[in-house]
Amino acid sequence: MSFSTRRQAYRAEKQDHRKELKHVKIDESVIEKVDKLSLPKKKFYRQRAHSNPFSDHQLEYPISPAHMDWSKLYPHFYDSEKKKMTKDVTIADIGCGYGGLMIDLSPEFPDEMILGMEIRVQVTNYVEDRIIALRTNHAKENGYQNINVLRGNAMKFLPNFFNKGQLSKIFFCFPDPHFKQRKHKARIVTDTLLSEYAYVLKEGGIIYTITDVLDLHEWMVKHLEEHPLFERLSEEWEAQDKCVSIMRNATEEGKKVERNKGDKYIACFVRLPTPDII
């Protein structure tokens, strides 16, 4: 059997699990029907490293945060009697890749709903299958119920998902550097986008950035420092923050940089209070 055929068969099997378990509350009744699930194999979900954020992707998104049905992604936090969510998403990993950061953040913030946004189809499918397997295999302790992923373009539709001041943390881990100058407008940090991030981030909330590309690091720092609603946090603060430690070592891209003995550049910024208009 060729690799292409094996890949198709593997994806079909995982798609069946995804259809059955993607939106259900994983509990003892599900365990009785489903054997322990193996974690997905990344080699069957290969896709290009980056995706053009300006392309006309076929994406589903709510017309406003009030129209977003979070119960499908976080059924454990849905009160069926009151027909409402018991919590809101407060942590977002923009361009979450293969989900390593979310998975390490999950036990550290068990009462926080964490969302990964990823634009690539197969990478999103991989993270969905990874979370389904983790939820199923850790059902007795309700493990990993607080994380999920959706396919979305944060550069276009972030305010469609989140209310003003809803988020407490936003992560940008190893984003596409877009090396060519004519592509800089596609970088995840720009003046316009920073105003959108400031809108969905609460006062005192944190933007976390990490990259192995010095030019991109300097670009993000420059734009964040020049924005009136963000202020850089000190290296001493970074050294004491557990999220920085997790971000440095949890992502698949970060592990790759570590193996290649590359540099990692980190910068964190706090959301300042919005000034009163006189």
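Backbone N, Cα and C atoms are what each Cβ position is placed from, and that goes for glycine too.
Residues or ranges marked as active site in Swiss-Prot (evidence: sequence analysis): Asp176. According to Swiss-Prot, the S-adenosyl-L-methionine binding site annotation covers Gly95, Glu118, Ile119, Asn153, Ala154, Cys173, Thr251, Glu252, Glu253.
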Maximum Cα-Cα separation (Å), residues Gly95, Glu118, Ile119, Asn153, Ala154, Cys173, Thr251, Glu252, Glu253 listed as binding S-adenosyl-L-methionine: 21
Cα separation, the residue listed as 'active site' to Ile119 (S-adenosyl-L-methionine binding site) (Å, whole number): 12
Sequence-distant neighbours of Glu253 (S-adenosyl-L-methionine binding site) in its chain (C-beta under 8 A, six or more apart): Gly97, Cys173, Phe174, Asp212
Cβ atoms near Gly95 (S-adenosyl-L-methionine binding site) (within 10 Å, other residues, all chains): 23
Proximal residue to Asp176 (active site) among binding-site residues Gly95, Ala154, Thr251 (C-alpha distance): Gly95
Protein Cβ atoms within 10 Å of Ile119 (S-adenosyl-L-methionine binding site), excluding its own: 22
Cβ neighbours of Ala154 (S-adenosyl-L-methionine binding site) where a neighbour is any other Cβ within 10 Å: 24
Packing count at Thr251 (S-adenosyl-L-methionine binding site) (other Cβ atoms within 10 Å of its Cβ): 25
Packing count at the residue listed as 'active site' (other Cβ atoms within 10 Å of its Cβ): 19
